[in-house]
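Structure first, commentary second.
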Number of protein chains: 2
Amino acid sequence: MTGEFERISLFTAPFEKGGGGVVAGPGDDCALTRPRPGWLLVSKVDELVEDVHFSAAFRPEEVGHKALAVALSDLAAAGATPRWFLVALGLPPGFPDRRLAGLAKGMSALASRTGAILVGGNLTRAGALSLTVTALGEAREGEALRRSGARPGYELLVSGSLGGAALGLRLLSKDGGSRRSWRRSWRRSAAVRSQLTPEPRVGLGTIAGRYAAAGIDLSDGLLQDLGHLCERSAVGAELYEENLPLSPEVKRLGAEGLELALGGGEDYELLFAVAPERVAPFVRAAKRRGESLTRIGRIVEGRGIRLLGKGGAPLPLPASAGWDHFR
Amino acid sequence: MTGEFERISLFTAPFEKGGGGVVAGPGDDCALTRPRPGWLLVSKVDELVEDVHFSAAFRPEEVGHKALAVALSDLAAAGATPRWFLVALGLPPGFPDRRLAGLAKGMSALASRTGAILVGGNLTRAGALSLTVTALGEAREGEALRRSGARPGYELLVSGSLGGAALGLRLLSKDGGSRRSWRRSWRRSAAVRSQLTPEPRVGLGTIAGRYAAAGIDLSDGLLQDLGHLCERSAVGAELYEENLPLSPEVKRLGAEGLELALGGGEDYELLFAVAPERVAPFVRAAKRRGESLTRIGRIVEGRGIRLLGKGGAPLPLPASAGWDHFR
């Protein structure tokens, strides 16, 4: 194990340097950046802690990827384009250089693909491995999305598919992550991959501000996160059960799959409330960027979330989804 | 102990809401801010961890104060005016609400005094109490300070006095922080207070960009931090021993006090390299703001730091200061 400055160099080595409005990056007391005119968005601080947010089943590259992905997903939900980010690492005593390099590799690959530039961070001793990321992004004035912009009559659109990350977590937990042969076969499952390395919807985020009225990313699960959005907007919502885009592995589970799609967290898909006349243009613009958007419901007056089956008959909400204060 | 959302409310309650260029604060996926034209400065991520960076001798209010102070000191060293900050809290299981409120009280008092606005954060479980702060500030274009701006012939100016925080740490460590009566008497010592609640030189930071060419804050100790500045600027430095502004308690310790002033960390004073013709105006402008600046040395060609006694005779650098790679 090397000294503190060597470890910082080891970590920062694979990240791209300079450009992107950075006047001075890591190494000074502060990073110096030049924002474009408009709004600056600062992601909430997202912290991943070993054994709380990820297990030994995760490879270091996957932990590094996920820590940044979660922060970029926050920016995307707000309609922001990522610019800069900071990362604070808490490393347990004796943490091997090889694993530190793995964290950096996974994180830098996602950073370079999404145009997010590392501008600073910190390295400290900790009881358990932890990664704390704060990301900064920009939006044109008036084009950033908040949770509070949903109005009755607006449609609910969700990106990608639902329930995969929760199923992946279940598959990983079953086997404890101790056997190498299992690890390899797990990774063939799309559900497991979406748990290990969720892909933040960065491209969708950069256009969402032009079409949507409110946005949130699905970290706690569709019902919980839709609940947050409704609460902030002082509205209710209806969900169309047969429209929910379950991933194929999740769909095969039947009722249990529906529970995962409604209550399972960590999909990091984006949920938007969109005025009816903007739905079609938004869906088309997303498609041009290779992103799918599915109409899964609508905003209504009042409070609470209702799940509707075929023909509009109300269905019971699964009790396990942990959102019963919204009923 | 209350639930997660209640604890977040409990923590954020004493902080000022809105204003200060904040379009949307905590509660959304992102904070939405409106930067002024110019440069945006992002402090390195500063993390305080219980038993690593602070002990049980600290009251919660003092921990909250110090976590923010350290980040604001980074901004001040870079010549930035604080605008916004984020805080990630890692709380051990069973952490009492009363202590959480104490952290918030100490931090919000400093925030409101310095104009820094809480715009987001995170709360997570952790093995030990930890506070991670990232602060954002602004400077006029071209007026931010970096470590790399020092040139031979520039004078070295330091704010306040040196060695107090290290002496305070020593006093606190002696008694382990277990006896309440001791705690009260400790707090009469200015050295102990500068360890517990260092005052970031925020006012000085807001004017420093007009006068200084390089800046750094003293977190690791004068010799180490001056070493960082010299390394970045590719220069050496001379320090005048008799000019070093030792705090009275530190001065009384003689040679040991000098060691604390040179090698002891956490003073969170600011060190600037200033072109000779700008020294007098800088000192006057600082004085008008109630801040003292002392000329303690100058930048020279070459590498390394030399300590000079009366008449310019070189003095040995104390071996305990942990910077001998600069000799």
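Cβ atoms here come from the backbone N, Cα and C positions, even for glycine.
Residues annotated as domain 'PurM-like N-terminal' in TrEMBL: B:27-138. The annotation Mg(2+) 3 binding site is assigned in TrEMBL to B:D29, B:D74, B:D217. Annotated Mg(2+) 4 binding site per TrEMBL: B:D29, B:D74, in sequence order. Annotation source TrEMBL lists Mg(2+) 2 binding site at B:D46, B:D74. Per TrEMBL, the feature Mg(2+) 1 binding site maps to B:D46, B:N122. TrEMBL lists B:H53, B:E266, B:W323 with the feature substrate binding site. Positions annotated as ATP binding site by TrEMBL: B:G121, B:N122, B:R147, B:S219. Taken from TrEMBL, the feature domain 'PurM-like C-terminal' applies to B:151-307. For B:D220, the entry in TrEMBL reads Mg(2+) 5 binding site.
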Can you check which residues sit near B:D74 (Mg(2+) 3 binding site), meaning Cβ under 8 Å from its Cβ, same chain, 6 or more apart in sequence, and list them in order? B:S43, B:K44, B:D46, B:A135, B:D217
Identify, in sequence order, the binding-site residues in B:G121, B:S219, B:D220, B:E266 that approach chain A with a C-beta to C-beta distance under 8 Å; the answer is 'none' if none do. B:G121
Measuring Cα to Cα, tell me the gap between B:E266 (substrate binding site) and B:S219 (ATP binding site) in whole angstrom. 4
Could you give the Cα-Cα distance between B:D29 (Mg(2+) 3 binding site) and B:D220 (Mg(2+) 5 binding site), in whole Å? 35
Could you please provide the mean pLDDT value for the domain 'PurM-like N-terminal' (B:27-138)? 91
Where B:D220 (Mg(2+) 5 binding site) and B:G121 (ATP binding site) are concerned, what is their Cα separation in Å, rounded? 27
Just to be sure I understand, if DSSP states are collapsed into helix, strand and coil, how many residues of the domain 'PurM-like N-terminal' (B:27-138) fall in each? 36 helix, 45 strand, 31 coil
Distance check, please: Cα of B:R147 (ATP binding site) against Cα of B:N122 (Mg(2+) 1 binding site), rounded to an integer number of angstrom. 31
I'd like to confirm something. Which of the binding-site residues, B:G121, B:N122, B:S219, has a Cα closest to the Cα of B:H53 (substrate binding site)? B:S219
Around B:S219 (ATP binding site), which residues of its chain at least 6 apart sit with Cβ under 8 Å of its Cβ? B:V70, B:S73, B:D225, B:G265, B:E266, B:Y268
Measure the Cβ-based neighbour count of B:R147 (ATP binding site), defined as the other Cβ atoms within 10 Å of its Cβ. 23
